[in-house]
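Everything on this sheet refers to the single structure shown next.
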């Protein structure tokens with residue numbers, strides 16, 4: 001099998017007309033504003049070579065029918081409109097497999113996302129690179145993060161996750177939900193050999209390389225199938241996920257289902273019967289490190305429900321439905337009745353995929369119990385086959401969860417996710433103004449994305465961290481010792497402010513706040529013109545919404561300023577960076593204040609003048625009298641943010 005008869009589209013930087021490595025270039029098209037079909041960079045040539053080179057650096061499917069779509073200029077510029085036009089053409093040409101070795105953080109670009117859905121609904125198997133923004137979490141690129149797309153991460157030839165490979169979770173679902181597993185699989189992406197512009201071979205690294213490795217393998221698989229009607233975006237994804245080899249000591253949000261295994265995928269497809277399946281296909285909170293972060297913290301009574309977001313794949317048809325609500329079957333001999341399970345799901349499964357979000361909490365009966373519970377969940381998917389006959393498939397998801405007695409409230413920390421906003425849907429700027437190469441705050445600001453290191457530090461010190469995806473009016477403060485508010489951009493409702501005051505003063509709740517810069521003049525200075533939307537982008541707020549935080553803290557006579565400072569300080573002989581933070585402008589007299597000498601970064605940005613200032617208050621700690629809690633305020637979050645972390649506190 002060599003890919004014969006399979007139409008493969010490469011969306012990239014083009015390809016020269018008579019490149020010697022390719023046998024079957026069916027057509028080349030240019031969707032850019034340049035006047036050449038040729039590749040002047042080499043990226044498109046390399047990607048096409050990995051898929052279908054016929055000599056020297058041999059590709060996976062040398063006899064595939066290549067369709068070259070030039071969607072990037074020689075300056076690597078592209079627009080959504082170019083992609084939309086090219087996608088429409090690919091649908092018309094009945095392309096079977098489409099490789100897209102690029103992506104971006106804007107999963108709310110609805111014309112683009114909707115067109116990808118239309119592509120896959122028309123049977124196009126889309127393979128896309130997950131991104132090169134690793135090792136930071138929360139860096140998944142679109143469209144690889146879509147349920148109907150095969151998102152590919154990268155590994156090296158020693159089967160280690162490539163440092164550059166982006167990793168989960170998806171952030172579409174925040175703040176109220178939890179992200180899905182991505183990447184789907186990983187493939188070789190470091191020092192891979194492929195075609196060069198001059199007709200020779202060269203090596204290249206990146207998930208943009210791993211993506212055509214998978215696309216080429218799928219092309220080969222498709223040419224090997226006797227009954228071609230079973231080949232669709234869901235069945236191919238099922239084959240890859242089912243046959244992938246799980247890598248040791250790597251979690252699911254780094255490797256997905258594991259390393260692609262072409263031979264095992266071939267064996268799976270040889271005996272394939274259309275059915276529905278789920279990713280992940282099991283839920284085991286005791287399987288560490290693979291099921292991190294779920295395995296990193298046990299469940300207990302009164303904890304905020306833990307959500308697992310399953311992707312449902314429907315290999316039976318492009319459209320289907322989840323019949324009734326999924327059913328939880330507790331194993332009574334394994335104390336499954338101690339686990340409370342609820343569901344949120346898409347009734348419609350289209351195109352080829354849907355989701356089931358499962359919320360796990362613990363019954364009051366197990367408030368002092370320690371052990372492992374088990375059971376399984378059944379999800380029934382119904383579709384119509386080609387003969388319009390109804391077919392049904394039942395997905396069985398084994399469940400295994402560790403439960404412990406409810407920890408003391410002093411060990412329980414509540415993370416405020418509800419007030420964290422990120423790009424998209426608005427321009428929320430980076431918290432460190434010196435990071436000019438990536439101006440957007442887009443990593444989710446979650447304890448399992450860019451605040452992962454802080455979360456693991458707390459867990460190692462036996463603290464339990466829960467995520468609040470709803471307003472402050474929705475939690476019982478008597479269950480927690482500390483509320484952690486970090487880099488918040490959202491406003492606070494008056495009801496939240498009043499409830500938090502009662503929680504702190506009457507129930508002894510402590511509050512720790514890590515703020516960031518806020519200055520309207522600086523915000524105007526960092527606006528930029530977006531070539532894709534043809535609009536000027538001005539930040540929706542600063543690094544943090546300081547006016548909102550001041551409103552929240554006003555009851556205690558605490559406030560942050562709009563001055564922006566940068567520098568470092570030493571605490572107990574340890575250097576701590578203070579990057580683009582706010583100073584404290586108001587604090588109770590009987591509180592504790594820590595000051596530092598820092599650069600007035602706001603002045604540098606707005607006037608170009610450097611000014612160093614001394615005795616700048618940046619940390620305040622205040623004990624609420626009469627048995628109340630404690631308020632700690634620090635003007636910068638970069639010290640605990642993996643996006644910018646230089647030296648932790």
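All positions are counted from 1 along the displayed chain.
Just so you know, glycine gets a Cβ as well, placed from its N, Cα and C.
Annotation source TrEMBL lists domain 'Peptidase S8/S53' at 3-258. The active site, charge relay system feature in TrEMBL is assigned to 12, 43, 208. Per TrEMBL, domain 'MBTPS1 third' is recorded for 279-406. Among the features that TrEMBL reports, domain 'MBTPS1 fourth' is placed at 407-647.
Note on residue 12 (active site, charge relay system): other Cβ atoms within 10 Å of its Cβ, all shown chains, come to 26.
Listed in sequence order, the residues of the same chain lying 6 or more apart from residue 43 (active site, charge relay system) and placing their CB within less than 8 Å of its CB are 12, 13, 72, 101, 208. Every protein chain shown contributes to the tally, and the Cβ of residue 208 (active site, charge relay system) ends up with 26 other Cβ atoms within 10 Å.
Broken down by DSSP into helix, strand and coil, the domain 'MBTPS1 third' (279-406) contains 12 helix, 67 strand, 49 coil. In the three-state DSSP scheme, residue 12 (active site, charge relay system) is classed as strand. Averaged across the domain 'MBTPS1 fourth' (407-647), pLDDT in this predicted model comes to 96.
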